[in-house]
Amino acid sequence: METVLTGLATGFGVALDPFNLFLVLAGCFAGTLIGALPGLGPINGVAILLPIAYGLGFGPESALILLAGIYYGAEYGGRISSILLNVPGDAGAVMTTLDGNPMARAGLAGRALSLSAIASFIGGTFAVILMSMFAPTLASFAVTFSPADYVALMVFAFASLASLVGKSTVKTMLGATIGLMLATIGIDANTGVPRYTFGLPDILAGIDFLIVVVGLFGMAELLTLVEHQISGKLKALPVDKSFVRMADLAKCKWTIVRASVIGFFIGILPGTGASVASAVAYGTEKRLSDKDKTFGTGDVRGLAAPEAANNAAAGGAMVPMLTLGIPGSGTTAILLGALLMFNIQPGPMMFVQRPEVAWGLIASMYIGNVALLVINLPLVGLFARMLTIPQHYLTPLIAILAFIGIYTIVGNPFDLLLITGLGVFGWFLRKLDFSLAPVILGFVLGSLFENNLRRALSISGGDWSILIADYKSITLYALALLVVIAPIWLARRARRMEGDATSETA
Amino acid sequence: MVDRIFAGVLMVVTLAYAVIAFTAISAPFQYDPLGPESWPRILSLVAITCLLVILWKPDATEMGVARQTWFRLGATVILLIAYSELYEPLGFILATILFGTALCAMLGAGIWRSILFGVATGVLGYLLCATLLDLNLPEGELYEAIAETFEKESS
């Protein structure tokens, strides 16, 4: 507890520095604007702005605080297009449309927006508080992990990714493997042997992380926007003067608490993040409290549950990223890559070696949450106006921003071609139901996975049994097996019960 | 079908990756038992297994993209490539004016609005990013040549 308090004191010392405070606010504001743009989710927003934030030349803690603010703000802003347009910005916001849009159509847009802002605030704050209590403990436990344990942890991360993300397990696996394969390009750090460089000097040091992120997310998103471009503007519902009432909050209070808990813990699971969390929270809430069958028609609880879960998961996903160096979602994978660019190895040692970064980030999330609530309640009308930006201005703007960002890093025009190529590849992957988060997770974790495996086998002198020599790794393999088998088993059981029900009625 | 084609293309790439992993990569001397080649070998085997499953049981049957959309996507990619190629020779301002105008007009804005948009993003973008935020953006060979001749004349 004492480490938490001293840590928080350090963190607030960093985050309350006027410049950093300004960055939190600027990040939250920019993030909400980006999140509110129709079709542009948090991950794409962070991906497009990351190189620019890097190019500004701030210190690591400041740049990270700015990025976290953008990430947080975008999660907040996503609900605006969900509620007013019925167009979710990303997978995590799909559930928000189910009850949020009917409320707006019933003329309660203001009420829906303010309620979801409060639900998001509670979910987010809850997650940050749990995070600041758990993270140091988890980090001090993770210090004892051996390379073999790390290998087991990666296997667990990829197993939960494969079973929980995307429509097809095989495609998720393949996506992660593609990411891992992309990470092998470049000079092998242990032996100095170049791998898959084909003599191209541009990729001797490996494909730059930013290029993969901007290409796969930003540029692929741009192509998707061009593909879906609808002639004429989408019709945004107007924001009225209605506001959340105490009665709504009283009705939702347990919903919000339950959804926050669900969101936080699902967010912690590697690779899953907000989309799974909001879906599970909505499903649970529907089962528990949908007595009058009002869910889906504009029930306040159906709106509060996914919003609270969404933001709690955004916080939860930071826990494995900060303590283990294994990101809990696609967006935190990008933040992890950002840390690596500043030569900070996220993981258990970060709390000891770079407390100002770790705790500064956590403290900025406290501030960010409050700031978002304050920004969002009165300014929602302004953000809603972002929805009416026509696509034919938005699309070129994304490309221009992405190009500025990539060019400013090294000033190599070859990189611009590379992001275009990766964008086309990413568009195909998306089109064929591959999700892109596993690719980026694989890419970020690639060298960590390989190096730990090699280190473990170096310790044992080539004996593979070292991988299962420890209770920690065995537990992790068991957990990995569980996350793969449990959903299959549950689906079977559900189908059997359904079969029983139909045979009974027949 | 589309799934099979895509998986087939990926399979060719993966096989090439595997061949390189199994034959070409080797370290002259190494300290760890795995060396630089084992990890790519493992990955290529995993990827081939996944691809075989997809080839055997594909689930996406068609792309659902209209012919017109394909043209638009193709044109966007060509514009992006042209933008990358012209980025340094023309410099940020000119390249962005051209690219912004072209893409904006292609996506359905009126020609005058597109030109306005292109000029605004090119000029304002340069002022904001290069002057205010001090980011590194290309000035363009043309500008550099002019600046050089001016310098020569003044000296």
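The backbone N, Cα and C atoms fix where each Cβ goes, glycine too.
Note: TrEMBL annotation is automatic and uncurated.
According to TrEMBL, the domain 'DUF112' annotation covers A:21-441. Under the heading transmembrane segment, TrEMBL lists A:21-40, A:52-74, A:112-135, A:147-166, A:173-191, A:203-226, A:261-282, A:324-344, A:356-377, A:397-425, A:432-449, A:474-491.
Among residues of the same chain six or more beyond the transmembrane segment (A:21-40), those with a C-beta under 8 A of the stretch's C-beta atoms are 15, 48-49, 58, 62, 65-78, 80-81, 85, 87, 89, 221, 224-225, 228, 234, 364, 367-368, 371-372, 375-376, 383-384, 386-387, 389, 394, 398. The recorded stretches the transmembrane segment (A:52-74) and the transmembrane segment (A:432-449) do not share 3+ CB pairs below 8 A when only pairs 6 or more apart in sequence are counted, and are therefore not in contact.
Of the candidate ranges A:203-226, A:261-282, A:356-377, A:474-491, A:261-282 has the most C-beta pairs within less than 8 angstroms of the transmembrane segment (A:324-344). Taking Cβ pairs closer than 8 Å, the transmembrane segment (A:147-166) reaches residues 172-173, 175-176, 269-272, 275-276, 320, 324, 326, 433-435, 437-438, 441-442, 445, 448-449, 451-453, 455-456, 459, 466-470, 472-474, 476-477, 479-481, 483-484, 486-488 in its own chain, all 6 or more past its ends. Spatially, the transmembrane segment (A:173-191) is adjacent to the transmembrane segment (A:432-449); three or more Cβ-Cβ distances between them are under 8 Å for residues at least 6 apart in sequence. For the transmembrane segment (A:261-282), the partner stretch with the highest count of Cβ pairs under 8 angstroms, out of A:356-377, A:397-425, A:432-449, A:474-491, is A:432-449. By the count of Cβ pairs under 8 Å, the stretch nearest in packing to the transmembrane segment (A:432-449) among A:112-135, A:203-226, A:397-425, A:474-491 is A:203-226. The stretch in A:112-135, A:203-226, A:397-425 that contributes the largest number of Cβ pairs under 8 Å to the transmembrane segment (A:356-377) is A:112-135. Residues 39-40, 43-44, 47-48, 50-51, 54, 182-183, 185-187, 194, 197, 334, 337, 340-341, 391, 394-395, 398-399, 401-402, 405-406, 409-410, 415, 418-427, 429-430, 436, 439-440, 443-444 of the same chain lie 6+ residues outside the transmembrane segment (A:203-226) yet bring a C-beta within less than 8 angstroms of a C-beta in it. Here the transmembrane segment (A:474-491) has Cβ contacts under 8 Å with residues 149, 152-153, 155-156, 159-160, 162-164, 269, 468 of the same chain, all six or more residues outside its ends.
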